[in-house]
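Here is the structure we will look at.
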Amino acid sequence: MNQIQVFISGLILLLPGAVESHTAVQGLAGHPVTLPCIYSTHLGGIVPMCWGLGECRHSYCIRSLIWTNGYTVTHQRNSLYQLKGNISEGNVSLTIENTVVGDGGPYCCVVEIPGAFHFVDYMLEVKPEISTSPPTRPTATGRPTTISTRSTHVPTSTRVSTSTSPTPAHTETYKPEATTFYPDQTTAEVTETLPDTPADWHNTVTSSDDPWDDNTEVIPPQKPQKNLNKGFYVGISIAALLILMLLSTMVITRYVVMKRKSESLSFVAFPISKIGASPKKVVERTRCEDQVYIIEDTPYPEEES
């Protein structure tokens, strides 16, 4: 069978270049595909050749995939395109590894036989791989099923007291939405647990209208009022302390000013009194001297001539 294919391929290559040939080849995605191209080295010798994409009779492997010099590969576009035959013996069949659907299209083999170029055209069609394994996704059968959910709040503290507030009791009803799905009939129960309740919480509100919905809510005590009163007293104490400090400063300042003023007045009075006494002493001294003079003139009477 292989000899017949080689013989037919050789006849196709020996046809004149003007005669067009078009061979259809089919492949499966994910598997290698081989496009045969064999020429006789006894007729024209070992010659260069190339593989190209598209119709390359008029473009001569412009979109080249592989070039050979007749002995080895000189250019390779991608490792997916390989020549696995004996190149020097004329077996230049192209093998495309791991094909995909996008690899489909025209391919051409060009052999540079002296005096003329010979072409072999192929139209490759790659079909997608058909999976034979059974589907892993189960099919949903049966009638629609409704899941009913029930919320249960379980407080961890056992201490419960009733507030004396005249406000009416608060009732809370939890009604979850129903969800419908189709696999199997199941009923799910959802339980929610509240966090730990502090020991200083006193007010509780309990709703028991529905036996399925038993929700207990804990309300913290009203402590902000106590904190507000404490802050008010602290503010008053600070204000009183500031006023007392201000009054003390004013009294001390007034005392210092009055003391300095009294000292300055006593210092000025002393020189004035001292200056006022001096003229009196001078007058008395002058009078005393006059009297002395009078006494001195009296003991010596004038002699009569």
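Residue 1 is the first one shown; counting continues down the chain.
Backbone N, Cα and C atoms are what each Cβ position is placed from, and that goes for glycine too.
Noted from Swiss-Prot: C109 is disulfide-bonded to C37, selected from C37, C50. Cross-referencing C50, C108 with Swiss-Prot gives C108 as the cysteine bonded to C56, criterion being a recorded disulfide. In the disulfide annotation of Swiss-Prot, C61 is paired with C50 out of the candidates C50, C288. The secondary structure of C108 (disulfide bond), as reduced to three states from DSSP, is extended strand. For C61 (disulfide bond), other Cβ atoms within 10 Å of its Cβ number 19. Each residue contributes its Cα atom, and for N91 (N-linked glycosylation site) and C56 (disulfide bond) those atoms are 20 Å apart. According to its DSSP assignment, C37 (disulfide bond) is coil.
Ranked by Cα separation from N86 (N-linked glycosylation site), the disulfide-bonded residues C37, C50, C56 are led by C37. Within the same chain, residues at least six positions away from C50 (disulfide bond) with a Cβ under 8 Å of its Cβ are Y60, C61, S64, L65, I66, W67, T68, C109, V110.
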